[in-house]
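Engineer: Sharing the features that Swiss-Prot gives for it:
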| type | residues | note |
| --- | --- | --- |
| TRANSMEM | 47-67 | transmembrane segment |
| TRANSMEM | 92-112 | transmembrane segment |
| TRANSMEM | 114-134 | transmembrane segment |
| TRANSMEM | 153-173 | transmembrane segment |
| TRANSMEM | 180-200 | transmembrane segment |
| TRANSMEM | 215-235 | transmembrane segment |
| TRANSMEM | 239-259 | transmembrane segment |
| TRANSMEM | 281-301 | transmembrane segment |
| TRANSMEM | 344-364 | transmembrane segment |
Amino acid sequence: MSWGQALRNYKPTGQQLFFSLTALLAAAVWGRDRQLDIGLFSPQSQLLALGLGFSLAAIAGYWVVPLLRRIKAGQFIREDGPQSHLQKAGTPTMGGIFAIPAGLLPALILAGRSPLVWALAFVTLAYATIGWLDDWQILRHRNNKGISPKLKLCLQFGAAFLFCLWLISQQGWQGTITTITLPFGWSLALSLLFWPLAVFTLVSESNATNLTDGLDGLAGGTGAAVLAGLGLWLAPQDPAIATFCCSLAGGFLGFLLHNRNPARVFMGDTGSLALGGAIAAIAIVANCLWVLLVMGGLFVLESISVILQVSYYKATKGPDGKGKRLLRMAPWHHHLELGGWSETQVVASFYGLTLLLIASCWLLN
């Protein structure tokens, strides 16, 4: 039997995926703490941060999800999407309102002495607020259209610009982070060009995670894995930022308890934009953009699939105004769904891909 056939025959449940991912990430974080000789109840313990974030989000979900259902904060499903998704209509959305605070609070308690941790928390909340505005407009107008794309993009650029201004005030225009580190000991001095790259990274990453948030447990699980991976990477040299990473990873794992297939709640733009904004901001302040590019390769793949789909459709548009599609549907996860993959098969594959990409960073280093 080929690998492809074996994968197609593997049909895990959402519960199995949740427990497997949570156990694997917790074991990896525990191992890193042991390697660095950090006790469980030390403020620098990444396992403590992960556990607190997880516990707060998991507990909060049992209160917030029924509340969202009572106020009729149900998701509107796109009619041109996979038909199997129509049954999800009415599932509460905006779950980021409990996942994000639950992930940030332990970080601020354990590592709040670091100004960088507060800056990361603020930029995460800024993107969560932009997402909340979009979610609220969708619920208010009872359709799948939130704030206008132009306004949304302007707000994303505004938040990125303000964050970069703060960094400039701390480090100057040509601070140490403007020379970005690369694999194999290489580096690249960008000087002033670093700042447009930083703004672009924040905006593009927040949109990439937003595009990835299309299946039960997909964005939450892969996002938690990337955050935990960044925490493991940064623990020796930047313990405060690593604590932030693991705390937020715990928040998304706790959210995943309620978002695993079949989902009781969706994170909405409130969670997905905040997730991407946080991951990008971490990579910027910790000077590990190449690590983000590799660990977050799935988010890049999802974004590229949309760009290629739109570009190909426009390039092949005929006199009737209709073009050809490169994929069955974009993003990539919907293409696989329409090819006969179940949701959990796609999610399991993407979890595996993300974990492999995270592991590959140590090989590249």
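Glycine is treated like the rest: Cβ placed from N, Cα and C.
I'd like to know what surrounds each of these features in this structure.
Structural biologist: Within the chain, the transmembrane segment (92-112) has long-range Cβ neighbours (under 8 A, six or more residues past its boundaries) at 43-44, 48-49, 52-53, 56-57, 60-61, 64-65, 68-69, 73-75, 118, 120-121, 124-125, 128, 131-132, 135-136, 138-139, 220, 239-241, 243-244, 247-252, 254-255, 258-259, 264-272, 274-275.
Same-chain residues lying 6+ beyond the ends of the transmembrane segment (153-173) with a Cβ under 8 Å from its Cβ atoms: 115, 119, 122-123, 126-127, 130, 133, 192, 195, 198-199, 202-203, 206-207, 273, 277, 281, 284-285.
Sequence-remote contacts of a segment are chain residues at least 6 beyond its ends whose Cβ falls under 8 Å from one of its Cβ atoms, and for the transmembrane segment (180-200) they are 157, 160-161, 164, 167-168, 173-174, 284, 287-290, 364-365.
For the transmembrane segment (215-235), the residues of the chain that approach it from at least six positions outside its boundaries are 14, 17-18, 21, 25, 28-29, 32, 36, 46, 49-50, 99, 209, 241-246, 248-250, 252-253, 255-256, 259-263, 267, 271-272, 275, 278-279, 282-283, 286, 288, 291-292, 295-296, 298-299, 333, 337, 343, 346-347, 350-351, 354-355, 358, 361, judged by C-beta separation under 8 angstroms.
Sequence-remote contacts of a segment are chain residues at least 6 beyond its ends whose Cβ falls under 8 Å from one of its Cβ atoms, and for the transmembrane segment (281-301) they are 116, 119-120, 123-124, 163, 167, 176-177, 179-183, 197-198, 201-202, 205, 208-209, 211-212, 222, 226-227, 229-230, 233-234, 238, 241, 244-245, 332, 350, 353-354, 357-358, 360-361, 364.
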Engineer: Name the range, of those listed as 114-134, 239-259, 344-364, that has the largest tally of Cβ pairs under 8 Å with the transmembrane segment (47-67).
Structural biologist: 239-259
Engineer: How about long-range neighbours of the transmembrane segment (344-364): same chain, 6 or more residues beyond its ends, C-beta under 8 Å?
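Structural biologist: Tertiary neighbours of the transmembrane segment (344-364) are 7-8, 10-14, 17, 21, 24, 183-184, 215-218, 221-222, 225-226, 229, 233, 261, 291, 294-298, 333, 336-337.
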